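As given in TrEMBL:
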type	residues	note
TRANSMEM	B:6-27	transmembrane segment
TRANSMEM	B:34-54	transmembrane segment
TRANSMEM	B:60-79	transmembrane segment
TRANSMEM	B:91-115	transmembrane segment
TRANSMEM	B:135-159	transmembrane segment
TRANSMEM	B:166-185	transmembrane segment
TRANSMEM	B:191-213	transmembrane segment
TRANSMEM	B:225-249	transmembrane segment
TRANSMEM	B:264-282	transmembrane segment
Amino acid sequence: MRNKLLALTACLLASTASYAADPGVSDTEIKIGDVNIMTGPASFIGRAVAVGSKIAAAEINEAGGVNGRKITIVTEDDGYIPARSFQALTKLIEVDEIFALNGTSGTANVLAMMPLIEENNLPTVVTTAPNELVYDPVRPSVFTIGGSYSDAFYGQLKYIHENLEPENPVYGLIRQDDDFGGAIEHGYERAIEEFGVKDGLRVRFKKGTANFAAEVAQMKQAGVNVLANGGIIAGAANILGEARKLSMDMQVASVWSEDMPPSVNLSAPAGYDYLVADYVALNGPDYDRFMEKARKYASEEEVAAINRYTLVTYVGLSALAEAMKQCGQELTRDCTIEKLRGLKNFDTQGVAAPISFDNEQQLSGTALAIYQLNAADKSFKRLTDFTDY
Amino acid sequence: MDFLLLLISTGLVSGAAYGLIAMGFALIFKSTGVVNFAQGELVMLTAYISFTIYSTFELSFFPLMLVTIPISMLIGLVLERVFIRPMLGEPVFAIVMVTVGLAVILRGITIMIWGPDPFNFTAGLSTNVVYLGSIPFYPAQLYLIAALGVMTLLGWAFLRFTRMGIAMRAVAANETAALLVGISVSRIHAVAWMLSAAIASVAGVLFAANYKLAPDLWFQGLKSFPAVILGGMDSVIGSAMAGLIIGVIENLFQGYIGQGLREISGFIVIIIVLMVRPYGLFGSKDIERV
């Protein structure tokens, strides 16, 4: 009788094992959440992010899933509005019952979601907002992939200083008057101090500014011939357009958003072969292999939407899946977080530098490669390997 | 000296954009008493329509505008008939709220049709730099300043000499009295929306030719609003002039003082002017503000 009771208890425990696990995991499926910018002017980022998740999930699922469980991506739109990000994640947690989070929208958005992430001990990989505010202070379940704007600008200015060697260099900075602009100025400041070059002018502008005529005229008057261009997309293009009008001959360092095709289309007509620093590959055999995968798993329309954000999200989900895989059949959030924390030199197949979260900040992929635009054919040439600055 | 001239010249360019958009605001307010919060969206929508026409038929600037302006006027008429006409007789605040809703709808439609990516839109204009004296310009910049001049002149002549323009002024002065003398107020409202849409299209196309075409173009409507306040909400010509003033002041503040003062400089001027002339530089004393 006693043996029968023990056997019955064991059967009951076995049959309820999957129900006792954390939300979002069944015997056949793992639900991964994605809070993303699917509507509004910044939705070209969200579309690219969604394609990255789709390609990674399709690749993992085709290879048998995570220990036999297929990954399902559940996407919620936040329209790039932090309050909506909070609502979206609430829905993902309470209605969809996700296991982990991969897409996290912008910096303000991920910060808005942070209380929910911490409260639910949600394994979260942040790839599109590698801002210091996200990883300092470190939150136990949050892992960040990406370099900093500060390093990106320092790296580009270092390359200009050491390799392009402009005559009588006068450096200038134009940047937004917010945290993002502050990070750029931090890298600029570091370069100015380290290289001992002339700091011609620093100008701030409000987000959404379209007319940069006065700012660029100031740059011209200050004799700037090395410009740290902190404008993004149309703003960056308008700055370069004004510089071209004033016949300014200069080397330009840019934000990594300027390697996306829509940005290149806007800026290239100004004729400046500007630099960008990015933590993902923009060309080369590794990039070509990724695009082959993209064409296999994504539709033509989705492939057309691919930009750097696709690659960073692909890397994020791949790293998350690797950690979940290491947990074996007993997949829990605690285990996933522990395995993410122990992840070391995870191979991204050359799409980014290898991922290691075994550091205090749980931050990886900070190594940046420098690229230079050829404005004539709108292509990028890789100038350096992934390097930590 | 060149630096000063450069700041003034480029200030006139951005000021011309403010002025054109502000004219559209003032025209509708003058004849209907309503602040159209969808004016910026109208500027954006007509610019995108023009972009599609340009991309399809590769027209040069003037033929492009000859096609764009009538289409924009038709859009203005449809918006007035569908959204504003049913609200006739309702409180002004309710109509203003309808324009706020309309703005959101137009923004959504624009992104739904054209997507979120920004575009280079030359509007058929050359991108070679031309010089006036020692000051460099892009042709689109000169066209923008010229367009403000032409539209201001046409606006003045229309309001001063045409039957429709005089009727519009009559409606603005006293709607009930205008009705009593046989003026069709609803027709005047429709014409105001059509003309406002026409001005919006000129502003939108030339703004996009200068500063790129993106789904945040609607925001220029809000940025131009201070020009309407400064010029006088019921003064079409005053709004145009005020746009230029704000554009130049912004550039001078940025150029000589810098550090983001561009954004607040226009408002400083507005506060000072309104303390002296609460109805704006060119506005009527008895206007009701919303």
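If you go along the chain as it appears here, the first residue is 1 and each next one adds 1.
The backbone N, Cα and C atoms fix where each Cβ goes, and this holds for glycine too.
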Give me the stretch from B:34-54, B:91-115, B:166-185, B:191-213 with the greatest number of Cβ pairs under 8 Å to the transmembrane segment (B:135-159).
B:191-213
Among B:6-27, B:34-54, B:91-115, B:166-185, B:191-213, which stretch has the most Cβ pairs under 8 Å to the transmembrane segment (B:225-249)?
B:6-27
Cβ contacts under 8 Å made by the transmembrane segment (B:264-282) with residues that lie 6+ beyond its boundaries
226, 229-233, 235, 237-239, 241-242, 245-246, 249-250, 252-254
Distal contacts, the transmembrane segment (B:91-115) - CB-CB under 8 A, six or more residues away
32-38, 40-42, 44-45, 48, 51-52, 79, 83-84, 215, 218, 288, 290
Per the Cβ filter (under 8 Å) with a sequence gap of at least 6 from its ends, the transmembrane segment (B:6-27) is approached by 35-36, 39-40, 42-43, 132, 135, 137, 141, 144-145, 147-148, 151-152, 155, 192, 195-197, 199-200, 202-203, 206-207, 210-211, 220-221, 223-228, 231-236, 238-252, 254-256
Sequence-distant residues near the transmembrane segment (B:166-185) by C-beta distance (under 8 Å, 6 or more away from its ends) are 30-31, 33, 159-160, 191-192, 234
